[in-house]
C-alpha cells in the first residue's frame, strides 16, 4: 500500500512540472514579419498572421496584420501582444521582410534576436522591400493565396529559376563568416502583385547596393551550379534570343602569384534555345555563332557585375571565402585591401544541345 | 495495516473449502455412497431385490447404451458369478477391480459405473462409461484464414488431440497429462515432440502447471495467465491458438503445446514478440506476399500505437513540426472545437473502444449494424457538431483498423491499450514524453521472457538466423533450421545440401 | 582477494562490446562539439577528431591488456597493484568519476531540452523523470543495460542519414587548405575532443560481464572505430555547412543542422531529433550508474539494489545545483579535463605499473 502511495505522489509531483502548452489553435502563428524604419531608433514591426474563419466546415484563411513600434525586438513583441487575442508563435515564420530604409541603417539587432530564437527555422527567407513592409503586407492582391503564403511561394519558386539560393542559413553563413557578404531578394509592390525586382546586396549588416532581376541570373551562374532558369540575350540586328539553362557549372580558378591575386571564373552552360526569333538553328555553324555571341555577352555582363561589387567593396559571391581555401596562412586583413583592385575575368562556355521540337 | 489479517482470513477460508471439496480421503465406501446419494442424479440400481449386483453411477455422466446393451444382459444371465468372473464376461476394455474408495469416487465422478456384489464386501468393478457431448468441428473464427485448413479446436480434449496427432503421426509426439483445479479437476495435456523440444522447456511448463493452485480451470486462458512468466505484464507471453494446424507446425519447430479439456484453444510456447504478428496464413501464401503482409502489420502496429499520441504531442506542444500544406487543414479542423487535443483524443479513443466492445458483445448480425451506426453516423455527426476534428477522427479510425490487423487477439487488445499511457505522456511532455514512454516500454519488453526465453528475440539478443521467419518470411528452402531461441535438440529441419543442390544448366 | 563472478545469466555475448562502447561514447557531446574543436584548429579540426580517435584505439588496447592480465575488473587491478586500502581509494575516485559522467550527460541533455523545446520546464522535474527511466533500466541488470545500448545504436544510427539534407547546402571548399594550423592547435583540438570520446573506460568495470571477454577485444575496437567515423563525418559535414564565423556563434551545431531537414510530413526535424536523442543519452546515464553501483558492490560489498538510490539522489541534487549555462559549461569542462587525465595519464600509468609488477612476479614465480 505504501509503495502505491509513493508512486501516486510522485506522479502528482511530475505532472505539476510539465512544460507550458502551446496548443495549435491557441497560438497566433506569424507567417511573415516585416520590419520598417520608424524614426532614428524606433523600429516598426508588422506581423502577418493567417487566421481561419468560417468554422471547420467552410474554413477560409485570412490575413491579419498586427503592427507596433518599439526600440528592441523583444519589446516589439510585447507591443504586438497588446493587440492580439492569442500569444504569438514565431515557429511558423516563413518570410522576414526588411524595409530598404531600415536595411540601409543595418539590421544587426533584429538578426541577432531572430538567430537566438530556437523556434525560428533556417529554411525561411529574408527579403528587402522597396517601400514599407507594412503596406506590402496589408495590401490585397489578385493572387488566391494570403500574403504570407504568396510571399513564401513567390520566393521559393524564383529560387528554383532565376535568383540564387538564399535562406536564413545562407544569410547567417555570410553574415557571420569572413570572406563573403549576404544578399537577399529585393521585393516591390507592383500593381496587384508583389514582384521580385532584383537582389539586395549587403555589406555585412547594411544594405548598400542592388542588382536588377535580369542580372540576378548572371549572378546565379557565377554563384552556384544549377539546372533551371532562362535568360534573354541580345543578338546582332536588335534580335533577341532566350537561352534556357539545362545545366550550369561554375569553377573558380584562383591564383596568388607573388602576393597579387587573380581570379578566373569558368562557367559552363548546357542549354537549349526556345525563342530564337527568326534565327536559324539547324546549321552547326549558326549554332556555334550563337554560342559565341552568348558567351561574349555573358562574360561582359558577369565581369561588369563583379566590377560593381569590387567598387562597393562587397563580396556577395564569396570570392574571399573561396580564396581562403586556396591559400595557406590567409589573412582577411590583406584580402580586404587587395579585393577591390583584383583582376577578375569570366570565361564561359556555352553548349546548345536542343532547340525545341521543331526545326 | 489490516492487509495481513485479511490475508490470513482468506487463507483459512481456502483451507476450509479445499477440505470440503477433496474430502473423503479416508472415508468408507458406505459414507461415500451416502454422500453421493444426496444428489438426485446419482443412481443406485439393483435388478430385483435378491439380485446380488448393485450399480452405482451418475445418470448425467454415463452413456446409457453401456448399461442397456452390455451390463444388463450379462447381469441378468449370470446372477451367481464372482466379480472377477463378471469382469471377464464384460466386453469392455479397461475395467478395474478395486476396493480403493478414493479411486472409486474419482471414477464415478468422471463417468464410470461401479458394480458391487453382495458376496464381496468392499470390492467392485469400475466400468468406464463416460459420455461426453461434443460439438462438431467448425471453422476457425478468431484466426480465420482465406486459404488453408478450416478446422478449429473444439471443447473436447480427445478430439483436439486427434486433430494434432493425425497431422504428426509419429511416436515421438508425446503427451503428458495431469489434472488441475481443486473443484474442476480439469485434464491438462502437455504436448511436445521428443527429440526436438528442449527438455528444459518441457520441465518448465510441467512444473508451472503442477504448481497451479486454483479451484476451477475452465479454459486454456486460465492456464495461460497462471503459467505466464510475468503476470503483471500487459503483453501476452504465450500464444493461444484455435488452429490445430498451427499447433502441429509449432510442435515441429520444437515448441510445446498445452491443451486444456473444455477449451477450444491450445497454448504454445516459448514464443517471441514477432510471432504475435505472424498469421498462420503467411505460410500458405508465397513468401514475398507473406513478407509484405508481415511488414504491413508491423507498420500497422507502430501506426496504431503512435499516431494518436503524436497527434496530441504535436498539437499541444510542437506546432512547428506540422508541414505547411497541412497546417491550414489542421487549424481549420481544430477551430471551434471546445476541447484541448488530449480530451478530444481520449473521447474518440474511448468511443472506438466502446464500439468494439459493443460489437463484440452483441450477436454478430447486430454487431455489424453497431459498427456502421457507430462508425459512420456518430463519427460524421460528431464532426459536424464541432465536437471533434475530422483529422483526428481519421487518425483514430485508422489506428483502430491497424490494430485489428494483428492476428493474435490478445496482442491486438494489448496494442489498443498501449496507446493510452503514451497519450498521457504526450500530453505532459510532448514528443519527449512519447520518447520517454517508449523507452519505458522498451525496458519492459526487454525484461519479459516466455518460458524463460527472451521475448524480444531475434532483435535482442540479436540472432540474424532467426530473422528468416520473424519480421518477414523467407521461402521454405531457406528455412533449413529450427529457430535458435528454442534451443532444440535437433536444430536441423531438413538436409540443407539436398534442398539447395543446384543442377547445372541443361541437366 | 575475492573475485565475485557474475551470474551466468547476466553475461552477454562478446559482440555486444561493440554496442556498449559506441553507445557510451556517443552522447550529448555530438550535438555541439564542433564549436569547441574549431576554436583552436578551425576548419582543420576534423583531423583532431581522427587523431583523438586513433589514440582511443590505443587506449582500448591498453585496457584490454590490463584486464586480460588481471582477469578481473578495475577494482581487482587496483587491489593487485596498490593493495586493499589504496586500491579502494582509487576505486572510489573512479566511482565519483562515473557519477559525474552520468550527471554531465543528464544535465546537458536537460539543457538541450530547455533551450530547444521547453524553455519553462524545471530541470529537477524532467531530471527526476529521466533518472527514473534510468533506474528502470539499471535495476534490470547488465543484460538490460546492454540491450539498451544495442537499441541506442539501432535507433541512433539512422539519424546520421539526415546529413544528406545539409549536404545540399554545403561548401566543401571550406575544408581546404589542409594542414593550415600549427601542431599546438591540433593538440588543443584533440584535448577538447576528449570529452566526446569518454566513456569507453567503463569497459574496465563491465569486462567480467562479457562472455569469453578476451575475444570481445576486436568488437570494442570496431566500436571505437564506428564512433570515430561518426564523429569525423559529423565534423566534416558541419565544417562544410557552417562558415567558421558562424560556427563560433552556434552552440548546438548538430541540432541547428537538423533545422534544415524537411520531409513532406515533417517540417522541422529538431523537435523529433532531440526527443529521439533520449535513446542515445540513456545508455550514457545508465551504464555510468551501473558502473558506479558495481564499484560500490565490489569495494564495499553493498548490494547494487541499495547503492543505486543514493546515486540517483546525487544525480537529482546535481540537477538542482547546476542551474545555468555557466555552471553546466563548467561541469562539462571539468569532467572533460578529469577524463582527459584519466584516460591519457592514469590508464597508461596503470598499464606500465602492471607490466612492472608482472615482471617482478614473473621472475619470482617463473610463471604467473
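Heads up, the Cβ atoms here are built off N, Cα and C, so glycines get one too.
Any TrEMBL annotation is an automated prediction that lacks curation.
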Checking C:248-266, C:305-323 against TrEMBL, the stretch recorded as transmembrane segment is C:305-323
Spatial neighbours of the transmembrane segment (C:45-67) far in sequence, C-beta under 8 Å, 6+ residues away: 21, 25, 34, 37-38, 73, 77, 175, 178-179, 186, 189-190, 192-194, 196-197, 200-201, 203-204, 207, 213-214, 217, 220-221, 224-225, 227-228, 231-232, 235-236, 239, 343-344, 347-348, 350-351, 354
How about long-range neighbours of the transmembrane segment (C:186-210): same chain, 6 or more residues beyond its ends, C-beta under 8 Å? 3, 5-6, 10-14, 16-17, 20-21, 24-25, 27, 29-30, 33, 36-41, 44-45, 47-49, 51-53, 55-56, 59-60, 63-64, 66-67, 72-75, 77, 94, 98, 101, 142, 216, 220, 223-224, 227, 231, 284, 287-288, 290-291, 294-295, 332, 335-336, 339-340, 342-344, 347
Where among C:12-33, C:87-109, C:222-242, C:272-293, C:305-323 do we find the most Cβ pairs under 8 Å to the transmembrane segment (C:338-358)? C:87-109
Honestly, do the transmembrane segment (C:87-109) and the transmembrane segment (C:305-323) touch, with at least three Cβ pairs under 8 Å and pairs 6 or more apart in sequence? yes
In contact by Cβ distance (the transmembrane segment (C:222-242), the transmembrane segment (C:12-33); 3 or more pairs under 8 Å): yes
As a test: from C:222-242, C:272-293, C:305-323, pick the stretch that has the greatest number of Cβ pairs under 8 Å with the transmembrane segment (C:144-165). C:272-293
Positions whose Cβ lies under 8 angstroms from the transmembrane segment (C:272-293), at least six residues beyond its ends: 20, 23-24, 26-28, 31, 95, 98-99, 101-102, 105-106, 109, 112-113, 116-117, 130-131, 133-135, 137-138, 142, 145, 148-149, 151-152, 155-156, 159, 162, 199, 202, 205-206, 255, 258, 261, 266, 304, 307-308, 311-312, 315
State the non-local partners of the transmembrane segment (C:305-323) in its own chain: residues 6+ outside its ends, Cβ under 8 Å from one of its Cβ atoms. 99, 102-103, 106-107, 110, 123-124, 127-128, 131, 134-135, 138-139, 285, 289, 292-293, 296-297, 331
